[in-house]
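Novice: Before anything else, here's the structure in question.
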Amino acid sequence: MSCGSPQVMMTLWTLTCVGLILLGAIRLSLGLDYDLESFDYLMEDNPEEFDYKDPCKAAAYWGDIALDEDDLKWIFKNKSNDLRNTRHNQTHPTTDNFSEKLGTGSQNETSSNLNSKKVKKGSRLKLLIAEKAATETNSTFQVQTSNDRVRRAATSRTERIWPGGIIPYAIAGNFTGTQRAIFKQAMRHWKKHTCVTFVERTDEESFIVFTYRPCGCCSYVGRRGGGPQAISIGKNCDKFGIVVHELGHVVGFWHEHTRPDRDEHVSIIRENIQPGQEYNFLKMEPGEVSSLGETYDFDSIMHYARNTFSRGVFLDTILPRRIDTSVRPTIGQRIRLSQGDIAQAKKLYKCPACGETLQDSSGNFSAPGYPSGYPSYTHCIWRISVTPGEKIILNFTTMDLFKSRLCWYDYIEIRDGYWRKAALLGRLCGDKLPDPIISSDSKLWIEFRSSSNILGKGFFAAYEAICGGDIKKDSGQIQSPNYPDDYRPAKECIWKITVSEGFLVGLSFQAFEIERHDNCAYDYLEVRDGFSEDHALIGRFCGYEKPEDIKSTSNKLWIKFASDGSINKAGFSANFFKEMDECSRPDNGGCSQRCVNTLGSYKCVCEPGFELTADKKSCEAACGGFITQLNGTITSPGWPKEYPTNKNCVWQVVAPAQYRISLQFEVFELEGNDVCKYDYLEIRSGLSSESKLHGKFCGPEKPEVITSQGNTVRIEFKSDNTVSKKGFKANFFSDKDECSKDNGGCQHDCVNTFGSYICQCKNGFILHENGHDCKEAGCEQKLLNAEGTISSPNWPEKYPSRKECTWDISVTAGHRVKLVFTDFEIEQHQECAYDHLELYDGPNGKAAILGRFCGSKEPSPVVASTNNMFLRFYSDASVQRKGFQAKYSPECGGRLKAEIQTNDIYSHAQFGDNNYPVQSNCEWVIVAEDGYGVELIFQTFEIEEESDCGYDYMEVYDGYDSTAPRLGRYCGSGPPEEMYSAGDSIMIRFHTDDTINKKGFHGQYTSTKFQDALHMRRK
């Protein structure tokens, strides 16, 4: 595979890798598989021109191990050397795959023969890997002994450490709000447990960018410097644990299993490694790493799992060695930082031994030893970090420090930001309590130092986050309290934003998830065009859809967030900035007709019947027009001749209110195929170019009849400057739409039918008894109908995150539930560990499981063994898909269990409502426990009568199948009395032909103790 075509080779839990810290050279962590054949671009003449900021273009780009800068220089330095000089004669079990892939000959091959072969670009890169692999001993069965202290690799080059532990970041715009929340949760996790700080990038030269590169899941290890560097979160990598792992590489960690001493702790089973992935298991040299005094960490979040890059899910590639005689340690967790990870990061960044990161909305801290007295030469740092848009109130309730001039010896410094270079809010000592200190933003830095021998009791301080407030700056961010975690109940926050005079306020949402309600009655975000609650309402928002970008009409914007005391969601994150209305300029933005302002820009548009010229500002007469007729015909320019090139025609068709417009094509022939890249016809409901799109059409195939959603249609035709075709001819006509007025009285969807209409509810809601309103169906449904359809929440749209839904399906007694899937698309995972659908063979989740499903392949039909089936659907916090739809129905027959209590059996699922169906063949086996027999009695019996019961009939056998003695064949009014089995089972067979059908039968069965008189009475 090339850099442009990554492929996930293992399931996410096999992408686990845990960690060492980078040694001086740039190294890259990936969780993907790439073919060595595709690195031709590494053989260019100027290595200095490579973009190391993009992991895909760096030399370090292979799987989970990579080359460093020195390796890359080695490649170019030796580019013209004889391939035979690269240890071609060296053989080793671990290099067989490389030799075979490289096409290397035997050891006796001459240099001239080798040189006569055409050397493919990139082959030297492969030989470098082979050379490194060849230096290792086979660690599957051998253990290296060493008296050296256990190494845990850490960078020895200070330029790879982020100065002050500050890592600026930016997030690319193509990520969803849920993904952004996961990134921030992962960064908060690192901040909470170490002294590393992630801050949104402002003007910093070096920073990381969350992006989606072709390398999939990858990152540089440590700070690259000199500009942005990518941390790629590719497909299926947007999980909390995986992002924490990738951030570990950014901080400076490398993979644990590549340590020089790894063979003392794990065995590498090379024969189980996927071909081409052997380089992921190479060891680092002892000279490449320095020790931080930390032992090998099986629990590290940077460690590979046992089957990473395995030929099969159940084959180990890394096997932990047993500690003493105990069980093997678990490796590959992706839940949280281990204690070893935390300890090593603190050593790498020289974190103070005293202090912590405080992220709760309120809390307290105190000097070490308080109130008994702090020790001399103490250094502590506390970092308070709350949600953007909140401020921090800091109160000192006790203060007793050695007092000196200018607080030179013992002191507390409070800074208005995330580090020691932030603005100083106060330097405190002595015993005088300061006034409450309020931050200007969402972070405070508190540093305590003692250097005197005269000690005091210390201090005690408490803080609280307050949301809302006046914000006077040209750009910034606001978030719901506690974002990206769920917001807190009973909160009210009001922000009053003011930007510079002469500008407007722009508001753009990155994430939005607030408790849903039709009228946003419970939790909501309210935005007003001004500086108070009395100004014009722009919108009140809730639910899961991000609001459109918002723009004020002045330099002020009022925002209110409110939550009630019950359901809490992830909340929102939004950026605000100053915005200019270019269309308000005297020259109308340079547009000859209409100027439309957009956030951050503007565009020129033309009136109907005109089109933009090449300068995108002027308008000229065009084909198309404004049509108000109820019926008519529209044709391409020049019809019936070929249409001209370089045409752009727009027709706007308007019918009276409560009418819909249908468009039917007689002829259609445009250049192109299904891509519609050159000439095309675009049809929308509405009059603007951003209205709902019905379709974009080209080629020779006529579109189906298209009906508008309202009383307007926009038809746009475009041709390029080359091929012309015959064009199109279409007839339009109008029909009254009852749904267009007040939505037909329907709360959700009104569906117009010919001469009438019906109301429908969105998925997750059910229609009220009044036929118009909708009520929430909830996610726990008990289904008692004989048959029906179920679907995931919001189907066919993407299901919501963090959802758990259950369905308890119960069909007619004596029948089995059959489930057939008609649509299926759930996040893929080899073990369905994330989003999944579970089916159980009974009325609840304690029954035997029938299967756990995910992915995009429709499962085969599933049949329960009884008349109950239980379904549970679960979605996690990240990837969402379309979901599923399935139909359930009763399947006659099956194996039934006779118990002491009476159970029912019916001839068909619609018994009592409809006669039994024709051409049916059903078999039931009723089984009792050992020592018990089966008693069968019929309450109702009505089957087509015939003297020999040759048409429709019921047969009863004294055993498990038709080889057992037959107790009788019955039709008409059925058996005259109850029946008893001689053993522990009875089989019932019901057959109908293709003609007359009757009411059917209703039987009851129980288990009884064997009594000879009863059980032999049938004889």
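One is the number of the first residue shown, and numbering goes on along the chain from there.
The backbone N, Cα and C atoms fix where each Cβ goes, glycine too.
Remember, predicted model here, so these are calculated numbers, not experimental data.
The signal peptide annotation in Swiss-Prot covers 1-31 and rests on sequence analysis. The region 'Disordered' annotation in Swiss-Prot covers 83-116. The feature compositional bias 'Polar residues' is assigned by Swiss-Prot to 104-116. Look at Swiss-Prot and you will find Cys215-Cys237, Cys217-Cys218, Cys407-Cys429, Cys467-Cys493, Cys520-Cys542, Cys583-Cys595, Cys623-Cys649, Cys739-Cys750, Cys746-Cys759, Cys779-Cys805, Cys832-Cys854, Cys892-Cys922 (among others) tagged as disulfide bond. Swiss-Prot lists His245, His249, His255 with the feature Zn(2+) binding site. Annotation source Swiss-Prot lists domain 'EGF-like 2' at 735-775.
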Novice: Give residue numbers and ranges for long-range contacts of the domain 'EGF-like 2' (735-775): same chain, 6 or more residues beyond its ends, CB-CB under 8 A.
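Specialist: Long-range Cβ neighbours of the domain 'EGF-like 2' (735-775): 518, 657-660, 662, 710-711, 791-797.
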Novice: Going by Cα-Cα distance, which of the disulfide-bonded residues (Cys493, Cys520, Cys595) sits nearest to Cys746 (disulfide bond)?
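Specialist: Closest recorded candidate to Cys746 (disulfide bond) by Cα: Cys520.
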Novice: Hey, what's the Cβ neighbour count for Cys429 (disulfide bond) at 10 Å?
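Specialist: There are 23 of them.
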Novice: Helix, strand, coil residue numbers for the domain 'EGF-like 2' (735-775) per DSSP?
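Specialist: DSSP classes over the domain 'EGF-like 2' (735-775) add up to 7 helix, 17 strand, 17 coil.
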Novice: Between Cys237, Cys739, Cys759, Cys779, Cys892, which of the disulfide-bonded residues has its C-beta surrounded by the fewest other C-beta atoms within 10 Å?
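Specialist: Minimum Cβ neighbour count within 10 Å, taken over the disulfide-bonded residues Cys237, Cys739, Cys759, Cys779, Cys892, occurs at Cys779.
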Novice: Measuring Cα to Cα, how far is Cys493 (disulfide bond) from His245 (Zn(2+) binding site) in Å?
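Specialist: Cα to Cα, Cys493 (disulfide bond) and His245 (Zn(2+) binding site) are separated by 34 Å.
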Novice: Taking Cα atoms as reference points, rank the binding-site residues His245, His249, His255 by distance from Cys542 (disulfide bond) and give the first.
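Specialist: Spatially nearest to Cys542 (disulfide bond) by Cα position is His245.
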Novice: Report the nearest neighbour of His245 (Zn(2+) binding site) in space among the disulfide-bonded residues Cys759, Cys805, Cys854, comparing Cα positions.
Specialist: Cys854
Novice: Taking DSSP as the reference, which of helix, strand or coil describes Cys218 (disulfide bond)?
Specialist: strand
Novice: Relative to the Cβ position of Cys520 (disulfide bond), how many further Cβ atoms are located within 10 Å?
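Specialist: Other Cβ atoms within 10 Å of Cys520 (disulfide bond): 18.
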Novice: Looking at the disulfide-bonded residues Cys595, Cys805, Cys922, whose Cα is closest in space to that of Cys649 (disulfide bond)?
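Specialist: The smallest Cα gap between Cys649 (disulfide bond) and any of the disulfide-bonded residues is with Cys595.
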